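K.L.:
Below is one structure. I have some questions about it.
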Protein chains: 2
Amino acid sequence: MDPKLGRVMLKEWVAIESDSVQPMPHFRQELFRMMAVAVDMLQRLGAHVASVDMGSQQLPDGQSLPIPPVILAELGNDPTKATVCFYGHLDVQPADRADGWLTDPYMLTEVDGKLYGRGATDNKGPVLAWINAVSAFRALEQDLPVNIKFIIEGMEEAGSVALEELMEKEKDRFFSGVDYIVISDNLWISQRKPAITYGTRGNSYFTVEVKCRDQDFHSGTFGGILHESMADLVALLGSLVDSSGHILVPGIYDEVAPVTEEEINTYKAIDLDLEEYRNSSQVAKFLFDTKEEILMHLWRYPSLSIHGIEGAFDEPGAKTVIPGRVIGKFSIRLVPHMNVSMVEKQVTRHLEDVFSKRNSSNKMVVSMALGLHPWIANINNTQYIAAKRAIRTVFGTDPDMIRDGSTIPIAKMFQEIVHKSVVMIPLGAVDDGEHSQNEKINRWNYIEGTKVFAAFFFEMAQLH
Amino acid sequence: MDPKLGRVMLKEWVAIESDSVQPMPHFRQELFRMMAVAVDMLQRLGAHVASVDMGSQQLPDGQSLPIPPVILAELGNDPTKATVCFYGHLDVQPADRADGWLTDPYMLTEVDGKLYGRGATDNKGPVLAWINAVSAFRALEQDLPVNIKFIIEGMEEAGSVALEELMEKEKDRFFSGVDYIVISDNLWISQRKPAITYGTRGNSYFTVEVKCRDQDFHSGTFGGILHESMADLVALLGSLVDSSGHILVPGIYDEVAPVTEEEINTYKAIDLDLEEYRNSSQVAKFLFDTKEEILMHLWRYPSLSIHGIEGAFDEPGAKTVIPGRVIGKFSIRLVPHMNVSMVEKQVTRHLEDVFSKRNSSNKMVVSMALGLHPWIANINNTQYIAAKRAIRTVFGTDPDMIRDGSTIPIAKMFQEIVHKSVVMIPLGAVDDGEHSQNEKINRWNYIEGTKVFAAFFFEMAQLH
């Protein structure tokens, strides 16, 4: 395929203001237009395309907005070939020139080999790279080595509204023939070295409420005779993690997968300039000194963060209030093979234990507000081997085998609902700035990424 | 004096919307009108009155508002008599019928012997009671047993703007002949039993900032490798006070005055129904079980309250943020003979100590935002004996000898600048609701309070 054509298409797609976050009708219309443009392109490739009506969403303010359709497309159904399903999204985060964009965010602009524009790397560029790879076979009048399916949504940045229900409905229809799933919605951890992502952490988000009474007190007229709810809460939150980042909840590490020799080797192989990483993070010192420890504590060990307190005095200035009812918030990033409901039990038991030792007359309530499972794939699965080979062919190097410390529910959703192996093949570089101002994808990444996908088709065909 | 006339005057004064808190021109005009009405009344009593121009105040929004004048008035200057100076204020807290007032807050309304209206007890009623007592002598054509001075301001509810500077300027002029100072700006701790207040706690307000960097982090991409500022802060705040309310800062209790036998007896004599107090406070259980312990921990022991945290996640919902920079706020109510700057040193040293043990790479800064001294008077001073005798004469009972757990800077200001003994003789009952909706003064308290002041003049003359 002509790389110039790929750039023209990316320019057209970036020009569509398919912002799914801001609820204005203009953006919603643009979202629908975006999906229609994609449908048209896939049809011109010869795909069988269904545009699934997703109904509408109710916003907290009562407003009702139509949800853009999800595209389910199929290209080829040769039962002797592997069927690879690609997930992508065509909606984008909000972007406003006034926020600090140096160029119009909806006008793809090339500067020094970098293609700036909202959605360039997240996720329009990678979706187009996949389409480019397919159309290259078409242009060369070659048979596709694999059957291809697409699931493309327009609500990812808004929480993939209603997508899970659709997957459930389609698991024995659209997804029945699918062998492998590919997602390309994250980044390398390097500027130059490609990567394959095989895991993400889960998350269990807790609230712990301590209540003396509903109203606040004045610290002059009540200070000294109360079990103060803030003193209780601070003690509870202070019992969760020590100053070395070690979580103090009994049993919490019991189910964490042991580190294997093979795993250590994948960490050693990763290119990471720790000093540059520390500087770009603006952090004086990390908890650990080696690349391997840093990455393992971001990816394969749980972490506990205290986010804040609701109901206490949180403004500038000096208010002499004794808060009557406060809610502490913290979360634990989960890793294989931690179990969400076991973690819920362990945390609750631990907090109840700490609280009971205080002999406080206040009431404590612990709740888990959110429980998302971690995801991990077997890196010896066929599509991992195929992806590695494809990357070696295109880039001449082995990829970094990486995980993501945050939670990307989509991979786990595919694994749990569709029961297929998922691989994430990011195309963008670590400095692409997804979600922030001046988002870009490097011209080089976009073109070489297209080649990786094409090579991946060949490798899949060979290995399947 | 005719009690009916006293009620008429209180009605006129309450009708003036002398709100010093809300910056609207209407209220400021009412404040000036209030002071002019008071000047007029004092002049008609024969007082020599100066209305001191206080300039203007600059609000945070840039608006400039004129400060109502402070009234300095003198009645009699017989060098053989004692000179008693009465401090009061004629400004009020905001009041809006819509906030839950059952009657118009600016229309004094009698229901079952209770006179409802904003300022009825805080502080227009007590100021008028003093004036009524003086005018009773005038009406009976009797000589006043003491020389009387008045200092009456209109900005107390807004922090007594510029009053301290005026005191400094007048300490060798207006205040030079003053022997005793009387304030009547607080409440009894009973509904029926009168009280004399001889002390208030001070306050030292601290902020402790912990900073990793200015921006927040995402807990997915950074959780596990950072010295998190919230974990540091929670540990710092958790090191301050134990679950029994005991302050853990080393040395903090060193200068607290030892409890004397005489003091214990004053506590024993106080009427306080603990069960009723607990119920009306809506608290399940206090830290202490006896009246004496409760009152001592409110009045004569220091207390530490944690107010909240600025910079962390404080809203409803679940945000997975690692705050980059957080500021904890707490304060210690100070009692005799604690020293503000010693407390500042002890707290700072303690927090530095706790922080250094954590080996955190974050930066910590401790500041004392506010340091207000405690105030205590010698209850064997002349005016305390006179006030006790006056109360015994009018009410047939000894007063509760009480303190106030909160900080009333004015008493300490008089003590430190003017160097005179201060007594607080509250007139209102514990349920008067100063600062809240449906503020009232009981008709009985208002009339008997006037009598107490008149009797106090006689007793002072006798004892001086």
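Here the Cβ of each residue, glycine as well, is placed from N, Cα and C on the backbone.
Positions annotated as active site by TrEMBL: B:ASP91. Annotated active site, proton acceptor per TrEMBL: B:GLU156, in sequence order. For B:HIS89, B:ASP122, B:ASP185, the entry in TrEMBL reads Mn(2+) 2 binding site. The Mn(2+) 1 binding site annotation in TrEMBL covers B:ASP122, B:GLU157, B:HIS435. According to TrEMBL, the feature domain 'Peptidase M20 dimerisation' maps to B:199-356. Taken from TrEMBL, the feature site 'Important for catalytic activity' covers B:HIS218.
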K.L.:
Return one of helix, strand or coil for B:ASP185 (Mn(2+) 2 binding site), based on DSSP.
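P.N.:
Note: B:ASP185 (Mn(2+) 2 binding site) is coil by DSSP, not helix or strand.
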K.L.:
Can you check which residues sit near B:ASP185 (Mn(2+) 2 binding site), meaning Cβ under 8 Å from its Cβ, same chain, 6 or more apart in sequence, and list them in order?
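P.N.:
B:ASP185 (Mn(2+) 2 binding site) has long-range Cβ partners B:TYR87, B:GLY88, B:HIS89, B:ASP122, B:ASN123, B:PRO126, B:GLU156, B:ILE408, B:ILE410, B:MET424, B:PRO426.
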K.L.:
Take the recorded positions B:ASP91, B:HIS218, B:HIS435 and keep those with a Cβ under 8 Å from any chain A Cβ; what remains?
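P.N.:
The recorded positions close to chain A are B:HIS218.
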K.L.:
Taking the Cβ of the residue listed as 'active site, proton acceptor' as centre, how many other Cβ atoms lie within 10 Å?
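P.N.:
Excluding its own Cβ, the number within 10 Å is 23.
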K.L.:
Around B:HIS435 (Mn(2+) 1 binding site), which residues of its chain at least 6 apart sit with Cβ under 8 Å of its Cβ?
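P.N.:
Counting only residues 6 or more apart in sequence, the Cβ neighbours of B:HIS435 (Mn(2+) 1 binding site) under 8 Å are B:GLN93, B:ASP122.
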K.L.:
Measure the Cβ-based neighbour count of B:GLU157 (Mn(2+) 1 binding site), defined as the other Cβ atoms within 10 Å of its Cβ.
P.N.:
19
K.L.:
Quick one: which residues besides B:HIS89, B:ASP122, B:ASP185 have a Cβ within 8 Å of the Mn(2+) 2 site's Cβ centroid, in sequence order?
P.N.:
B:GLY88, B:ASN123, B:PRO126, B:VAL127, B:GLU156, B:GLU157, B:SER184, B:GLU434
K.L.:
Taking only same-chain residues 6+ apart in sequence, whose CB is under 8 Å from that of B:HIS218 (site 'Important for catalytic activity'), what do you get?
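P.N.:
Same-chain residues close to B:HIS218 (site 'Important for catalytic activity') (Cβ under 8 Å, separated by 6 or more) are B:THR320, B:VAL321, B:ILE322.
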K.L.:
Compute the centroid of the Cβ atoms of B:ASP122, B:GLU157, B:HIS435, then list the same-chain residues not in that set whose Cβ lies within 8 Å of it, in sequence order, for the Mn(2+) 1 site.
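P.N.:
Nearby residues not in the site list: B:VAL92, B:GLN93, B:GLY119, B:ASN123, B:GLU156, B:GLU434, B:GLU439.
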K.L.:
Could you state the whole-number distance in Å separating the C-alpha atoms of B:ASP91 (active site) and B:GLU157 (Mn(2+) 1 binding site)?
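P.N.:
Taking the Cα atoms only, B:ASP91 (active site) lies 7 Å from B:GLU157 (Mn(2+) 1 binding site).
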K.L.:
Where does B:HIS89 (Mn(2+) 2 binding site) sit in DSSP terms: helix, strand, or coil?
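P.N.:
Note: B:HIS89 (Mn(2+) 2 binding site) is in a strand by DSSP.
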K.L.:
With every protein chain in view, what's the tally of Cβ atoms within 10 Å of the Cβ of B:ASP122 (Mn(2+) 2 binding site), excluding that atom itself?
P.N.:
24
K.L.:
Restricting to the domain 'Peptidase M20 dimerisation' (B:199-356), report the mean pLDDT as a whole number.
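P.N.:
Here the predicted model's pLDDT, averaged over the domain 'Peptidase M20 dimerisation' (B:199-356), is 96.
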